[in-house]
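**Student:** What Swiss-Prot records for this protein is below:
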- H47: active site (ACT_SITE)
- D89: active site (ACT_SITE)
- Y27, G29, G31, D48: Ca(2+) binding site (BINDING)
- C26-C115: disulfide bond (DISULFID)
- C28-C44: disulfide bond (DISULFID)
- C43-C95: disulfide bond (DISULFID)
- C49-C122: disulfide bond (DISULFID)
- C50-C88: disulfide bond (DISULFID)
- C57-C81: disulfide bond (DISULFID)
- C75-C86: disulfide bond (DISULFID)
Amino acid sequence: SLLEFGRMIKEETGKNPLSSYISYGCYCGWGGQGEPKDDTDRCCFVHDCCYGKLWGCSPKTDIYFYFRKNGAIVCGRGTWCEKQICECDKAAAICFRENLATYKEEYHSYGKSGCTEKSPKC
């Protein structure tokens, strides 16, 4: 669910997921269109694509379990959907951490009106 995803983001980046990622660029937050603005926004685009492959699952509300082993996120027990949602969220949280150096404040609270280019394919 969004709660676990938020906790993962906080653990991986040290950033508050709501204030830092909820409306970043063209793809972070609800919906998405246009060309991702940078690598962090591309993390969100890939995350949206990952969720899009999970037919019959409810990524925003399905609760899943994860733990850490030697600092790494490990998706734990649960249904197929729960495990797949966890893997999508894990990949995005790691992507955010790997792109912290290029995170741009100018893309925080970015208006979707600036996202008019053709959207890339997943």
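Going from the start of the chain as shown, residues are counted 1 onward.
A Cβ is built for glycine as well, from the same backbone N, Cα and C atoms used for every other residue.
Because the structure is a prediction, the values reported are computed rather than measured.
Walk me through the surroundings of each of these features.
**Tutor:** Its Cβ placed at the centre, H47 (active site) has 22 other Cβ atoms within 10 Å. When secondary structure is read from DSSP and collapsed to three states, H47 (active site) falls in the helix class.
Around the Cβ of D89 (active site), 26 further Cβ atoms fall within 10 Å across all displayed protein chains.
In sequence order, K112 are the residues near G31 (Ca(2+) binding site), counting only same-chain partners six or more apart with C-beta under 8 A.
Contacts of C115 (disulfide bond) defined by a Cβ separation under 8 A and a same-chain sequence distance of 6+ are given as G25, C26, G32, Q33, G34, E35, K37, in order along the sequence.
Cβ neighbours within 10 Å of C28 (disulfide bond), excluding its own Cβ and spanning all shown chains: 26.
Non-local neighbourhood of C43 (disulfide bond): C28, A92, C95, F96, N99, each in the same chain, at least six residues away, with C-beta under 8 Å from its C-beta.
For C49 (disulfide bond), other Cβ atoms within 10 Å of its Cβ number 15.
The Cβ of C50 (disulfide bond) lies under 8 Å from the Cβ of E87, C88, A91, A92, each of these being in the same chain and 6 or more residues away along the sequence.
Around the Cβ of C57 (disulfide bond), a 10 Å sphere holds 17 further Cβ atoms from the protein chains shown. C57 (disulfide bond) carries neither a helix nor a strand DSSP state and counts as coil.
Following the DSSP three-state reduction, the secondary structure of C75 (disulfide bond) is strand.
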**Student:** Look at the disulfide-bonded residues C26, C44, C81, C88, C95 and tell me which residue has the greatest number of other C-beta atoms within 10 angstroms of its C-beta.
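**Tutor:** Within the set of disulfide-bonded residues, the most crowded position is C26.
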**Student:** Identify, among the disulfide-bonded residues C75, C86, C122, the residue whose Cβ has the fewest other Cβ atoms within 10 Å in this structure.
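**Tutor:** Comparing Cβ neighbour counts within 10 Å for the disulfide-bonded residues C75, C86, C122 gives C122.
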**Student:** Counting only residues 6+ away in sequence within the same chain, which have a CB under 8 Å from the CB of D48 (Ca(2+) binding site)?
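**Tutor:** Listed in sequence order: Y27, G32, C122.
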**Student:** Counting distance between Cα atoms, which of the recorded positions C75, C81, D89 is nearest C49 (disulfide bond)?
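**Tutor:** Nearest by Cα distance to C49 (disulfide bond): D89.
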**Student:** In the structure shown, which of the binding-site residues Y27, G29 has the fewest Cβ neighbours within 10 Å?
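**Tutor:** G29, out of the binding-site residues Y27, G29, has the fewest neighbouring Cβ atoms within 10 Å.
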